[in-house]
Amino acid sequence: MYYCISFTYKNTDIALREKLSFSNETKKSEFLKIISTHENIEECLVISTCNRVEIVAFVKMACAEFIVKSLALLCDVDKDILLEKADIFEDSGAIHHLFSVASSLDSLVVGETQIAGQLKDAFAFAVKNSFCGVHLSRAVHSAFKCATKVRNETQISKKPISVASVAVAKAKELADLTQKKAVVIGAGEMGELAAKHLIAAGAKVIILNRDLQKAKDLCERLGVLSEYDSLENLKKYLNQYEFFFSATNAPNAIITNSLIEELPYKRYFFDIAVPRDIDINENENISVFAVDDLEIVVQKNLALREQEARMAYGIIGRETSEFFRYLNDLALMPIIKAIRLQAKEYADKQLEIALKKGYLKKSDKEEARKLIHQVFKAFLHMPTVNLKHLQGKMQSDTVINAMRYVFDLKNNLEGLNQYKCEFDMENNDEIY
């Protein structure tokens, strides 16, 4: 069954999410290797962003305690705290949750499209490292399909808002950004988003990054309203400008009290990184806004999106039902093939017995075989037609299980591609 363990801004604070975050691929790979050793876990992937850690799996049976215990040990967190905080979803609930996440209905900022790219990256990583197979492939691709339908059929993402854009919106409330210079620390995806929103607001941006080439490349994409420098010069910039947006992947805070000088004007620091980049004392001239603080601005946008969200949830509900109908349909064809194969095997076996006992001449063997197969074909025609008519219907799962029991089809199904998936798991260019 499908299984999801979720830690988000809804059930955890930023301090706990910092500890749980998978800021590098080595840590993510280590965790997936650990949990994939469990006999009940067949496939798994991890989505890790500043607002959520989602463990999505296909399992034989529920195993939340093992997964949470493994996460607790790796991240040095109390297991009982995680079990208390975790939201756990099973089967249809897990698929509905995954579709909601992909469609940005579960995001801090409903309607932002950044999560789709993050899910894509998480899926690609799991496929590349052999943690993900056909079960999660079906689920993730269906999640992308659902997200596309939500975007196309509602207005929820027509004006996309990310955490970075919310930070810039908050800055615009505090001052007119036109012609001001803002410092963006980090040249990754979140830093680039912040820079784009700042430029759109009329500001000029300075990109600071450890990798100077990456900062240069970003500035080339941003255009003439941007410049760049090395992160080594951070202190100089911190004590020269008013607005700072920090979005690095550093494991510890990079902006601390030791770098801050007292100045006679106000400075605003927006920490949009997890783990946090900023650990400084606030005073009358220094204000710090962390990821969780931005929810205040987010609430202003939620009212405008509630109606679209209701429409989107309707789509997600229908797509969830459609997904499980699709899985049932996948199971029907192997049942039909297995029954026909079983009939052929019994016919051939009885034919050989008849030949051995002299009930049938060898010269008549092929004619007898054709006759027997025609009889079975005619006999199985109506059951086959009726089974095909069950495709997409609610009772198909009950009938499939009954057919497996009545015809003892367990062994016959082993040689059939029961879990056929139309997505190419070998070619990374096609799995998206």
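Using N, Cα and C of the backbone, Cβ positions are placed for all residues, glycine too.
What Swiss-Prot says about this protein:
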- Cys50: active site, nucleophile (ACT_SITE)
- Thr49, Cys50, Asn51, Arg52, Ser107, Glu112, Thr113, Gln114, Gln118: substrate binding site (BINDING)
- Gly186, Ala187, Gly188, Glu189, Met190, Gly191: NADP(+) binding site (BINDING)
- His97: site 'Important for activity' (SITE)
Residues close to NADP(+) site centre defined by Gly186, Ala187, Gly188, Glu189, Met190, Gly191, Cβ within 8 Å: Val184, Glu192, Leu193, Ala194, Ala247, Thr248
By Cα-Cα distance, the member of recorded positions Cys50, His97, Gly188, Met190, Gly191 nearest Thr113 (substrate binding site): Met190
Chain-mates of Thr49, Cys50, Asn51, Arg52, Ser107, Glu112, Thr113, Gln114, Gln118 with C-beta within 8 Å of site centroid, substrate: Ser104, Leu108, Val109, Ile115, Ser162, Val163
Chain-internal residues near Asn51 (substrate binding site), provided their CB is under 8 angstroms and they sit 6+ positions away: Thr8, Tyr9, Arg17, Ser107, Leu108, Val163, Val274, Val291
Local backbone state of Asn51 (substrate binding site), from DSSP in three classes: coil
Distance from Gln118 (substrate binding site) back to Met190 (NADP(+) binding site), taken between C-alpha atoms, in Å: 11
Local backbone state of Gly188 (NADP(+) binding site), from DSSP in three classes: coil
Per DSSP, three-state class assigned to Ser107 (substrate binding site): coil
Pairwise CA distance, Gly191 (NADP(+) binding site) versus Thr49 (substrate binding site), rounded so that it is a whole Å: 14
Rounded inter-Cα distance in Å - Glu189 (NADP(+) binding site), Gln118 (substrate binding site): 10
